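Over in TrEMBL, the protein carries these features:
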DOMAIN    60-493  domain 'Major facilitator superfamily (MFS) profile'
REGION    1-26  region 'Disordered'
TRANSMEM  56-85  transmembrane segment
TRANSMEM  97-113  transmembrane segment
TRANSMEM  125-144  transmembrane segment
TRANSMEM  151-172  transmembrane segment
TRANSMEM  178-201  transmembrane segment
TRANSMEM  213-236  transmembrane segment
TRANSMEM  342-364  transmembrane segment
TRANSMEM  371-393  transmembrane segment
TRANSMEM  399-427  transmembrane segment
TRANSMEM  465-485  transmembrane segment
Amino acid sequence: MGLVGGEENKNATENGVSGSEFPLGSKTKYKRMDSEVVDTEEDVPLTKENRNTKKYVFACAIFASLNSVLLGYDVGVMSGAILFIQEDLKITDVQQELLVGILSIISLLGSLAGGKTSDAIGRKWTIAFASFVFQTGALIMALAPSFGVLMIGRLFAGVGIGFGVMIAPVYIAEISPAIARGSLTSFPEIFVNLGILLGYISNYAFSGLPVHISWRVMLGVGIIPSVFLGFSLFVIPESPRWLVMQNRIEEAKIVLTKTNESESDVEERLAEIQLAAGMANAEKYEAKAIWNEILNPNPAVRRMLITGCGIQCFQQITGIDATVYYSPTIFKNAGIKGNTQLLAATVVVGFTKTVFILVAIFLIDRVGRKPLLYVSTIGMTTCLFGLSLALALPGNGKLGIGLAILTVCGNVAFFSVGIGPICWVLSSEVFPLKLRAQASALGAVGSRVSSGVITMSFLSVSRAITVAGTFFIFSVISALSVAFVHTCVPETKGKSLEEIEMLFQDKGEWQSSEVEMGDAERLVQKA
């Protein structure tokens with residue numbers, strides 16, 4: 001744990017360790033954007049060794065995120081492939097909802113098992129296992145002769161995705177230095193968006209093939225990223241925090257030497273991890289005890305769960321997966337005719353989503369998490385409300401089509417610049433080491449269940465209250481997410497994982513915004 005202020009010696013003593021034994025560094029408070037910021041750290045010259053360290057951590061983050069390409073590709077490709085599957089296999093609207101949404105529901109099995117699996121076999125090999133299970137599902141789907149076999153493939157793919165979405169942010173957070181953790185932990189979201197874009201492009205590229213072949217090729221192409229993931233296993237190391245939990249201290253130190261720029265940083269990080277892992281008291285946390293602590297939390301853990309799991313749920317219940325999966329349906333409702341034109345419009349959406357996730361990566365460790373969350377949630381609320389108006393216009397026409405495309409693109413842009421990537425950053429940051437894998441898995445379960453409920457009910461709800469009415473409800477939920485961010489999300493920029501843990505010990509510090517709405521307004525003006 002990071003120890004802060006006057007509680008340093010007290011908390012260290014309670015853990016059976018003198019506060020002076022482990023130099024944990026100073027806590028950097030986030031300053032108002034219009035105030036003077038004093039840099040208390042000395043500038044370190046950028047040496048060749050520094051550059052190599054940064055490149056190594058960067059490469060590890062990229063390889064660990066490749067599973068996310070599979071998830072994104074599946075989301076993007078299914079939005080178009082479902083048009084041809086419906087025509088080829090003659091499936092009903094209810095079967096269509098089930099086919100699309102079941103992946104999110106089933107993925108909770110992977111997410112629930114992911115925490116225990118990653119603690120047992122390590123973060124690295126859990127990433128490999130996730131890829132194998134997903135690729136098995138993708139192959140079955142591509143060769144499926146019927147709706148039943150197609151569903152079996154979706155079940156395998158869903159379990160693989162559950163493992164993947166849970167483990168990648170945890171792994172990256174545990175190998176990354178604090179100063180770059182926000183950007184690097186956002187990589188899975190970048191690759192999800194890249195996968196979505198590739199899925200949309202695949203839909204458009206293969207839409208001219210015969211109906212019974214086109215959707216199979218679209219789904220089969222998703223197997224390709226596994227080749228690169230196989231090579232990555234020879235590059236990425238095991239998480240140093242997991243190695244410490246296994247009492248493999250020397251191996252952990254070797255990994256930290258590769259991911260930190262100086263020997264003093266290595267020793268400091270190792271001391272923090274050992275303290276957080278309970279090595280000082282030789283404590284061993286069994287899975288049953290960990291789940292008991294999560295299910296019967298103390299006030300600090302309860303606040304962590306509210307923040308980590310709450311942001312995961314809000315990410316999905318604002319309707320982003322419905323927007324992505326059913327974008328052809330949305331544009332068709334707005335007045336666009338023909339499959340090729342519908343799929344071309346989705347490519348524009350995918351491109352927008354990918355570009356703005358890159359903007360988020362540039363800003364997340366510069367301006368902090370909370371300003372971007374304010375901009376994101378307020379912008380999404382505006383665009384969702386605008387989309388509901390566009391779809392409600394009588395007769396649609398060019399104005400309705402243009403406004404629908406603009407607001408859908410705006411919605412995915414604001415999502416990608418804030419709550420999309422930051423959701424995963426926060427869920428991997430806020431939990432203490434001994435609970436991190438299981439609590440992150442629980443948050444991923446909340447995300448996947450929320451996604452499944454939305455995607456499996458979208459068509460039915462839209463038939464009952466119209467597509468316009470459905471997106472009006474999403475805009476109301478998005479407005480509630482603004483209040484959640486203001487009340488329950490602390491700023492974590494620039495803090496070590498152990499320092500972040502201390503934020504939740506004090507209710508007042510957890511609820512103090514540290515970033516005011518005015519900061520978000522200035523961020524928009526600067527942009």
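Cβ coordinates are placed from backbone N, Cα and C, and glycine is handled just like the others.
Whatever TrEMBL says is automated annotation, not expert-curated.
Scored on C-beta pairs under 8 angstroms, the neighbour of the transmembrane segment (178-201) with the top count among 56-85, 125-144, 151-172, 342-364 is 56-85.
Touching of the transmembrane segment (371-393) and the transmembrane segment (56-85) is ruled out by the presence of fewer than three CB pairs under 8 A, sequence neighbours closer than 6 excluded. Within the chain, the transmembrane segment (125-144) has long-range Cβ neighbours (under 8 A, six or more residues past its boundaries) at 64, 66-67, 70-71, 74, 110, 114, 117-118, 150, 152-164, 167-168, 171, 216-217, 219-220, 222-223, 226, 229-230, 233, 236.
In summary, the transmembrane segment (213-236) does not lie against the transmembrane segment (97-113): fewer than three C-beta pairs, each 6 or more positions apart in sequence, are under 8 Å.
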